[in-house]
Amino acid sequence: MGVQLRLPPGEPCHEGYVLSLVCSNSSRASCEITNVSESLPYPVVYTNLNSSKTNFSISASVENKYNLYVGLVLAISSSVFIGSSFILKKKGLLQLADKGITRAGQGGHSYLKEWLWWAGLLSMGAGEAANFAAYAFAPATLVTPLGALSVLISAILSSYFLNERLNIHGKIGCILSVLGSTVMVIHAPQEGEVTSLHEMEMKLRDPGFVSFAVIISVISLVLILIVAPKKGQTNILVYIAICSLIGAFSVSSVKGLGIAIKELLERKPVYKDPLFFILLTMLALSVTTQINYLNKALDTFNTSLVTPIYYVFFTSMVVTCSAILFQEWYGMKAGDIIGTLSGFFTIINGIFLLHAFKNTNITWSELMSTAKKEALSPNGNQNSYVLLENADFSASGYDDDITLFSRTNDQSSHKL
């Protein structure tokens, strides 16, 4: 609910009644009452429609900030639960492997008897539920990029509980991801967006979003029917592009269903609205398609490449779809837009460092020793000696070179 109004005594309040409001710019607005429900205990009540003060904007700002904070807490909680779930399930699977039981990768199902695996599954469910609820309170522009924190949390916990080494690139990537997420939270849009299924329906009918949906659908069909059978096994971008394009619809559906659940808690007959079932069907189709092609990408290409590329493509499509559908960027200051984009690209760099160099064994002490060696040679001459000291020369290789040159000389002498 964006703005609350208390009508004067005797003023009718029923569906279909039209209110005439006087705006601050001397214009008039006609508002039709589309739904009547029980009053909720909001702390601010508006009693004067003609007040010259900015009560409307103040209350809307307070409510929007409240929703933003709730969505932020839910999004971070989702990342914590999902990141922890990978560790719990992996820990349970490792315990089964130590016992000599058939592993899941070999077709075994003994993990169903392991309580740690079930704890991980419940943690995953709690994280997905929190993420689902976060879209009902906060903009998708904020919720979706924060999903990168689950990767960060999983990487940190794995180094402590699974004894998996986190190199210097991974640590820098974690720091960049946290900094980028913080910047995005600070500059996130705080508009009220859509607060009811009726408003959601109006947004979906907007010509701009209809054009966007048609273009995305056509591109997705071309990729699925024509490009994927030919180039899917050789080009990593094909499967990831399909997942990302379809993923934009899944997030929009989740956003709409979250609003429907909020209205259902307010005892509104949401189940009578066809849009509820349309969103539910769209979510099922889009998620099924995403899972199918994401599994193909993971099965065909290296995970260290799929994860960061998929994050960039998917988040970019969600932000674009949200900007068109919910107009989350409308009214944002230039500084906030730059800050949001900067935070997003910082997260991208962090995720890239975390995955692309995860097999690179470089420690902080090695970097410091290299820096000290470089500092010893002001003219850069010491570097050549360091290279010579670290180079491995084999006697056999040296002999091969001599033999090669001698054969060359012999051949040249015969020619002469």
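Positions of Cβ are set from backbone N, Cα and C atoms, glycine also.
Annotation comment: Swiss-Prot describes 1-67, 187-207, 255-273, 327-336 as topological domain 'Extracellular', evidence class sequence analysis. Annotation source Swiss-Prot lists N-linked glycosylation site at Asn25, Asn35, Asn50, Asn55. Residues annotated as transmembrane segment in Swiss-Prot, with sequence analysis given as evidence: 68-88, 115-135, 137-157, 166-186, 208-228, 234-254, 274-294, 306-326, 337-357. Under the heading topological domain 'Cytoplasmic', Swiss-Prot lists 89-114, 158-165, 229-233, 295-305, 358-416.
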Check for me, if you would, whether the transmembrane segment (234-254) reaches the transmembrane segment (166-186) - at least 3 Cβ pairs under 8 Å, residues 6 or more apart in sequence. no
Give the nonlocal contacts of the topological domain 'Extracellular' (255-273) in its own chain as ranges (CB under 8 Å, at least six residues past its ends). 35, 37-38, 40, 132-133, 135-137, 140, 194-197, 200, 279-280, 283, 322, 326
Cβ pairs under 8 Å with the transmembrane segment (208-228): which stretch of 68-88, 137-157, 166-186, 274-294, 306-326 has the most? 306-326
Are there residues at least 6 beyond the ends of the topological domain 'Cytoplasmic' (295-305) whose Cβ is under 8 Å from a Cβ of it, and what are they? 232-233, 236, 239-240, 243, 355-356, 358-359
Provide the three-state DSSP residue tally for the topological domain 'Extracellular' (255-273): helix first, then strand, then coil. 14 helix, 0 strand, 5 coil
